[in-house]
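Here's the structure, in structure tokens; my notes come after.
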């Protein structure tokens, strides 16, 4: 259980990093990690997942981290990107993928890993764990196909990158609901998670001034904040009382009742209450992350610059880390020796002749 929660915390920061790629000072990032984990993530996780947390007592449903992980990372990443500032214009205008095949490999690993992400949350082999795994794959597949269909209709061609984005938004959307909704609800959630984040990314992002100004490198706001919010609300709509009673181990029908089932069973008040509770949880997570992320960035900015210098930005990995991510050696390539991969200095390499670089 401790390791499981540790991984949840770690992956949340990785998602935030996706919004800051290409310009954040590495030392500032090293300071950001422990501060944000302590004063933002921990507060949200305790409030929602700890039995004594105020949102847990209120009755928020977040099966596996739609609020704690995805909404938090999307909002925090967007907020941090605002304070760090945008990449250079050239990088923003032309940001092609480095390797689509590797991206597909990573997407496959991510999809497969989400089986444990959602299915492992009850910490036992149970009915809701099995259902969580099935719903995860159903929602992700539906969302992927929906995103592809929208790409074909409005952009003319199916996109591999679009398929990956649709997969991610489906996985994020089902996360707060994975083990407490039925399969048909997972299909509906997939349809919506493949279309609403698509609309926010492909249409609203180009029209809303703030979205255009903040340089969210990997669109973490759309794929995680928007999809996480959507999933949280739909959880309040489709959560089945029989399943929530299994997961939360309660007998009272007035708690954890989705609006759809509340209207169907004559418990409309309980259903509307659950929707309201989900919205309260969303607003709290958004406010917490905007405030704490802003304060942390401002505090770090008093100690070290949040951004890399212009010289470091021009030099890239070589300037910051003294090494390159893609150091391909061939005709016309500059030969560089890393201090970490050889016992020799550059001038001591066997066979190195004067004038050869």
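Glycine too: its Cβ is placed from the backbone N, Cα and C atoms.
Caution: TrEMBL annotation is automatic and unverified by curators.
Computed from a predicted structure; not experimentally measured.
The following features are taken from TrEMBL:
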DOMAIN    2-326  domain 'Ammonium transporter AmtB-like'
TRANSMEM  6-22  transmembrane segment
TRANSMEM  29-49  transmembrane segment
TRANSMEM  61-84  transmembrane segment
TRANSMEM  96-114  transmembrane segment
TRANSMEM  134-156  transmembrane segment
TRANSMEM  168-199  transmembrane segment
TRANSMEM  219-239  transmembrane segment
TRANSMEM  275-304  transmembrane segment
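With a threshold of 8 Å between CB atoms, the same-chain residues lying at least 6 positions outside the transmembrane segment (134-156) that come near it are 111, 114-115, 117-119, 162-163, 165-167, 169-171, 173-174, 177-179, 181, 183, 185-187, 189-191, 193-195, 198, 202.
Packing against the transmembrane segment (61-84) from elsewhere in the chain are residues 8, 11-13, 15-20, 23-24, 32, 36, 40-41, 44-45, 48-49, 117-118, 121, 132, 172-173, 175-180, 214-217, 220-229, 231-232, 235-236, 239, 244, 247, 256, 274, 277-278, 281-282, 285-286, 288-290, 292-294, 297-298, 301, 306-307: each is 6 or more residues past its ends and has a CB under 8 Å from a CB in it. The stretch with the most CB contacts under 8 Å to the transmembrane segment (275-304), chosen from 29-49, 168-199, 219-239, is 29-49. Confidence in the domain 'Ammonium transporter AmtB-like' (2-326), given as mean pLDDT, stands at 93.
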